[in-house]
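To start, the structure under review is shown below, and the notes come after it.
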């Protein structure tokens with residue numbers, strides 16, 4: 001099997017975790033290449049549900065290497081909590097199956113507090129998870145962040161780095177009349193958590209290079225979705241990292257000569273958590289029905305997801321940005337209840353037709369979707385095991401999506417369980 005990059009083509013929550021878990025059977029390693037514990041993957045194995053935030057989905061498999069790449073911002077306390085919870089549930093996690101990049105910036109409590117403060121300052125809140133992700137990435141870009149490798153430092157060297165970080169954060173806290181953080185206290189906290197993290201730490205770029213030299217198969221696991229990308233998303237309602245496929249090379253530490261298949265994971269309808277434009281949102285019984293049947297609750301935020309019709313304009317743009325080779329269609333069964341189904345094929349604003357998402361947030365907020373209506377099937381697709389099992393109109397719907405997007409559907413997820421997957425085209429597995 002070739003190396004595979006798995007990305008979400010909407011606003012996250014497309015089902016990437018299940019897809020990566022399924023693919024892990026035929027892979028040697030899985031790399032998380034961006035984001036932090038603000039994203040969540042839900043995986044169901046033999047009716048038992050696992051919720052992952054930082055750990056790659058491969059951690060639930062035996063003899064697979066799980067890698068947290070340098071593009072991830074790492075909350076050491078959240079990571080250890082996640083590891084401890086999995087160990088309680090019988091999942092073996094050790095230095096042989098988990099590797100953490102020495103270059104990962106550290107998410108600290110000061111970042112979470114800053115996240116909350118910045119959200120309060122905004123006129124229009126962006127719906128942050130308050131996990132400290134944005135402020136940590138800001139420290140990284142400003143070259144003051146603490147990184148995992150700093151935990152190897154002697155106490156006096158670490159103190160100087162902490163003091164440099166607090167020069168900024170304590171000034172921020174002063175402006176909000178919040179007590180400053182003592183450098184010595186933060187140093188002690190870091191030295192306390194360090195022995196739990198450091199055994200997993202290696203130069204990930206070298207680990208990945210060695211795997212490629214041995215012709216091992218690597219999956220690069222994206223978090224969130226294309227339109228939460230800091231550059232290409234619906235700004236400012238975005239995350240603080242790049243979420244599209246090219247980020248796998250930067251955030252994983254692999255060079256461009258190692259060609260990869262890009263799988264785009266996409267729901268048969270559209271959802272979004274939090275604030276921001278949503279062009280096909282259904283604030284009616286249709287949206288409510290999608291929400292209830294799809295159990296659309298955020299894994300991390302525990303917030304209700306907004307629901308709407310499939311947006312082919314959004315999907316096509318995401319496919320171009322990531323160079324998607326094939327699609328994984330998820331939650332088709334949520335549409336089983338509808339006699340008619342709509343697909344957005346264009347937008348309209350101020351008399352102008354758009355076949356892409358304009359960058360202007362003002363225009364985005366005023367785009368009107370133009371729909372094409374196709375017949376529904378009113379038959380159960382949940383748990384279908386072959387393509388031929390699907391209702392005729394469900395197959396027509398899938399083919400319509402392929403026709404509009406000009407990319408084939410490789411896989412169809414027919415339920416939350418690991419093996420609830422229909423393979424239409426398996427060439428990427430060879």
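Note that the numbers count up from 1, one per residue, in the order the chain is shown.
Placed from the backbone N, Cα and C atoms, the Cβ positions cover glycine too.
Features reported for this protein in Swiss-Prot:
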BINDING   12-18, 40-42, 305, 331-333, 413-415  GTP binding site
BINDING   13, 14, 15, 16, 38, 39, 40, 41, 129, 143, 224, 239, 303  IMP binding site
BINDING   13, 40  Mg(2+) binding site
ACT_SITE  13  active site, proton acceptor
ACT_SITE  41  active site, proton donor
BINDING   299, 300, 301, 302, 303, 304, 305  substrate binding site
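Proximity to residue 15 (GTP binding site), defined by a C-alpha to C-alpha distance within 10 angstroms, is shown by the following recorded positions from 38, 41, 303: 41.
Residue 332 (GTP binding site) sits 28 Å from residue 129 (IMP binding site), taking the Cα positions as reference. Neighbour counts of Cβ atoms within 10 Å were compared across the binding-site residues 13, 304; the minimum falls on 304. When the Cα atoms are compared, residue 129 (IMP binding site) and residue 41 (active site, proton donor) turn out to be 15 Å apart. Per-site Cβ counts within 10 Å over the binding-site residues 12, 15, 40 peak at 12. Residues 13, 14, 15, 16, 38, 39, 40, 41, 129, 143, 224, 239, 303 are the ones the record ties to IMP, and the longest Cα gap between any two of them is 34 Å. Comparing CA positions across the binding-site residues 38, 224, 303, 304, the one lying closest to residue 18 (GTP binding site) turns out to be 224.
According to its DSSP assignment, residue 13 (IMP binding site) is coil. For the recorded site, residue 129 (IMP binding site), the DSSP three-state label reads coil. The Cβ of 302 has fewer other Cβ atoms within 10 Å than any other of the binding-site residues 129, 302. Proximity note: of the listed binding-site residues (13, 302, 304, 305), 13 have a CA within 10 Å of the CA of residue 42 (GTP binding site), given in sequence order.
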